[in-house]
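Among the features that Swiss-Prot reports, S-adenosyl-L-methionine binding site is placed at 152, 185, 207, 249.
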């Protein structure tokens, strides 16, 4: 017997998509999708095509949905007014078969180039690599990112620039010798995979979500990167040592809360790359990392998101 799922759809402004998606993932315990786009798998050119998107969450179709619908409507009323163009609409409920929910999102995940060299491709898509391409194979599952979201994309761009000494990162165009990398909030593992393929000699990847760790391990194995990466649910304060590059793609409030530990894990002269920051909270994060001996060397922005690149003073 095929499992039936209840699909609850909510129409919101583009800027509210991430906030609502996080809430729905927590409420449902499952992945979400966006109309005509799978979460975190869109082509970047489509972000501004429409002022609104339909976010869809999935619940067990055999259980009553009254409490979930009430929670969603309360959330929309509480947060919607903060977003330009928000008009409250009642969520729409539909019933779908499990195989439709599990596979339809894949048709929207295509190979995407990030930076000058990196190409991310799903495992089910063919891609003819060009000269100099560094191909990352990914099978993210519905609840984890693919690298196309601006927060992850900017991290990947900065990571490539660091390894190749481009822009504000050394600026000499020389490839770094093997380095150590700490990936905080690894999710699908895409940043760790990129670091391994760019030449890191040792990588530590952590995430508070055990499911994310499992997905990351599978993706690392797909890319023959698992021997280089220790991935676990270890808390940041329990990670030993210091790293040449520290990457943290998490919410602004968490970045500031973890600022002392993130700086403590950064080697003198090393780079600290922070993403997951709404542009309106950029100064909040910069101020939160003041007084630690960091130099802000780059502010990168895309859509409503910011990525900050710091260098820790050598001692």
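Cβ coordinates come from backbone N, Cα and C, glycine included.
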Would you work out the biggest C-alpha to C-alpha distance among 152, 185, 207, 249, the residues that bind S-adenosyl-L-methionine according to the record, and give it in angstrom as a whole number?
15
Cβ neighbour count within 10 Å of residue 185 (S-adenosyl-L-methionine binding site):
22
CB within-chain contacts under 8 A for residue 249 (S-adenosyl-L-methionine binding site), separation at least 6:
151, 152, 155, 184, 185, 187, 191, 274, 275, 276
Please list, in sequence order, the residues in the chain of residue 207 (S-adenosyl-L-methionine binding site) that are at least six apart in sequence and whose C-beta is under 8 Å away from its C-beta.
185, 186, 187, 213, 216, 231, 233
Where residue 207 (S-adenosyl-L-methionine binding site) falls in three-state DSSP terms:
coil
